[in-house]
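Copied from Swiss-Prot, the annotated features are:
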BINDING   86, 104, 105, 106, 107, 108, 494  ATP binding site
REGION    929-957  region 'Disordered'
COMPBIAS  929-947  compositional bias 'Low complexity'
């Protein structure tokens with residue numbers, strides 16, 4: 001019935017695409033007219049569009065002509081013309097949707113269309129990429145189009161100064177990474193001066209690889225933290241206890257929730273081994289350490305979730321297989337893993353500011369994104385972000401053939417079948433890409449292929465393999481190439497049939513330039529950094545100095561041909577010119593990588609050396625292309641790239657990303673998944689039924705089975721996992737929404753304090769409220785006056801407002817009514833405040849205004865930090881209330897709101913108290929050694945560490 005209805009109504013996505021066709025027709029009809037314009041006339045269109053916006057026209061009114069202008073500019077500047085389907089992609093992005101575009105369909109070029117159109121408003125467009133290299137490349141490469149048309153283009157990179165970032169954020173179009181954007185948002189909300197704020201209000205955002213950022217990273221909070229000392233011996237002893245405890249006897253493991261639960265026997269055993277009577281004793285708490293130690297033992301597996309490098313535990317991203325140096329698991333988990341591995345335990349951190357990507361990107365009034373795979377997560381994008389997904393048709397039809405899955409009884413049988421399939425394809429000469437889910441499994445398959453004598457390349461998170469990433473990817477599409485990769489998702493690299501001549505030319509430059517220009521490892525603080533290729537540049541390369549360094553490619557016969565004598569001579573000349581300009585072995589390796597990257601891209605440059613490098617690069621590429629293009633034709637004839645999946649991922653989207661490596665831009669290709677009943681997915685989510693079926697039919701371990709029941713079991717398992725993780729992300733989102741409302745309130749208040757020229761009105765309001773609180777605490781109007789605590793009230797007022805010690809007496813209040821007492825004390829406090837201000841003016845005119853801002857910010861920041869910890873503790877505590885038939889989320893909302901109100905009251909009270917009691921002290925500073933300004937919040941996030949106001953130092957009496 002449903003299928004019949006769908007046939008009658010048609011695919012809703014096709015209907016959506018049809019709506020855009022008339023606009024595409026209109027844009028195409030403008031092409032000849034726009035092409036006839038001179039460069040100056042084309043640039044003048046930007047001014048014309050802005051004037052039309054000022055006159056009341058909308059962006060939608062301008063869209064056809066603006067898109068035609070961008071298409072023409074791209075033709076002139078980049079020699080690239082937007083296809084019709086790319087125009088549709090641009091419209092989808094402009095409307096605040098997600099455009100699903102297959103690998104190799106030119107997402108980067110598509111983004112120029114909505115970026116230009118929305119950039120005309122002057123309110124700012126952010127184009128967000130997953131790593132710094134891509135942000136820089138796109139700002140230089142695609143930025144040419146925008147600069148040609150008169151828009152300003154900014155780039156935000158890690159390590160830039162706040163001033164450089166501010167300039168970039170003020171541009172019409174800004175390229176940045178998701179993490180830097182988030183951290184800058186947090187830093188802005190820790191600034192102690194409005195001049196330190198870098199970002200302006202968010203307007204429109206285009207996210208590249210939107211599924212990676214909004215779904216895979218959704219549960220990862222961005223955290224700015226300060227270090228807190230914690231006893232490392234507790235982690236070590238807890239690790240010893242965890243080694244003694246036995247699974248299923250002392251604790252149970254919930255693989256789905258990635259959690260451990262201690263049994264009664266487990267609690268007793270842990271208490272006995274530690275020699276304590278109660279793991280939860282507040283004076284000597286052990287429960288947290290023991291739970292984390294058991295989690296580290298059972299749920300965090302070496303070479304799957306992390307690797308140990310240079311005596312450090314480094315996280316491996318489960319989606320991309322990349323190492324994430326600098327990232328640490330929070331809440332003491334990282335320390336527990338360090339204790340388990342016997343490496344030095346680093347100190348814990350206290351959260352100073354935090355936000356999740358979910359809430360960060362929901363701050364944009366208009367949000368859009370691009371990815372190769374979003375359809376499977378359509379429901380989540382809709383419910384969480386209110387984003388529609390539109391699948392953009394490919395420019396050429398997809399020719400990839402996806403074979404049905406083969407399922408084996410045991411893992412051993414599966415790996416044997418995978419090895420045989422590789423041997424079969426290799427014998428035909430077809431390139432093969434094998435996706436594995438962990439370092440350990442990739443090495444197991446590698447060992448099997450070595451035994452069979454099949455040459456292959458291994459790409460996983462191990463440093464020695466990571467450094468060869470560009471080299472491995474460059475030849476993954478060559479005839480007979482076999483590549484084993486851990487999670488190809490997010491590697492951001494197209495595998496080109498016949499070999500990637502661009503990469504090969506880049507590596508040839510690198511091979512010759514690095515030994516001459518790069519500092520030797522002993523002097524190179526950056527250690528070894530891998531080739532910065534597409535998708536590279538984030539967290540690769542070891543940091544330990546190596547005794548000897550070589551930049552020569554490892555693979556024999558890597559280069560498709562010997563270079564001609566003329567090109568070799570040009571290469572020698574450019575290397576000599578580079579040494580003359582920069583000196584022998586004087587540059588950090590990363591700087592040389594940048595030189596090569598800029599030379600091999602199309603961004604405009606003035607530097608004569610880079611222009612010479614670019615000329616040599618193009619000559620090398622042209623010679624290699626003669627061979628790779630011929631090989632491309634041969635590989636196409638053989639059937640293209642064959643992709644083998646060795647396990648179903650928890651998300652169908654990641655499987656689709658692996659499959660999508662084959663059949664790019666209309667090339668042929670094929671894919672097949674090999675699975676076993678011992679795979680994690682089937683083991684955790686319902687492989688028992690299938691296992692019983694196999695036992696019943698006595699299926700051998702090396703015999704694959706295909707059965708409708710099996711296919712439906714697999715799909716159900718993946719759907720269950722997707723729903724499970726969606727529910728988890730939804731739960732995180734619902735809880736974080738509570739924090740988000742509070743965060744928005746406190747950050748808005750903080751911004752008002754930063755921007756407020758005169759905070760006196762706010763402070764006097766605080767004074768009146770605080771006096772009212774003190775009066776209510778000691779005077780109850782419903783009781784007779786003889787029961788009022790006038791003496792305590794007087795003492796408390798004198799404590800809060802020291803200037804009243806001389807003027808306020810108990811007898812002043814004796815015969816007054818409640819209202820009269822309140823009015824009298826408020827008036828006295830206001831007079832005391834005026835007197836305090838006059839006193840401070842004798843030190844420096846306007847000092848009270850600076851003091852008001854200083855103490856307000858100090859209290860907001862200090863109490864917000866404490867509040868974050870309280871909310872984290874509350875979140876853990878309410879989880880247990882579900883057993884008492886209470887909704888934990890409602891409890892969290894209600895109690896969190898109470899905590900928030902209490903924090904706001906404390907900010908008010910503490911600020912009033914501090915302003916009344918502090919006394920400035922004149923600090924004699926010799927002119928010659930005048931101190932540098934206090935660091936910004938980004939460098940020193942704790943405003944309580946600020947060194948004072950001018951030469952005054954805030955001290956309590």
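Any Cβ shown, glycine's included, is placed from N, Cα and C.
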Looking at the binding-site residues 105, 494, the one with the fewest other Cβ atoms inside 10 Å is 494
For residue 494 (ATP binding site), name the DSSP secondary structure in the helix/strand/coil scheme. coil
Other Cβ atoms within 10 Å is the metric here; tell me which of the binding-site residues 86, 106, 108 scores highest. 86
Tertiary neighbours of residue 107 (ATP binding site) (same chain, Cβ under 8 Å, six or more apart): 89, 99, 101, 208, 370
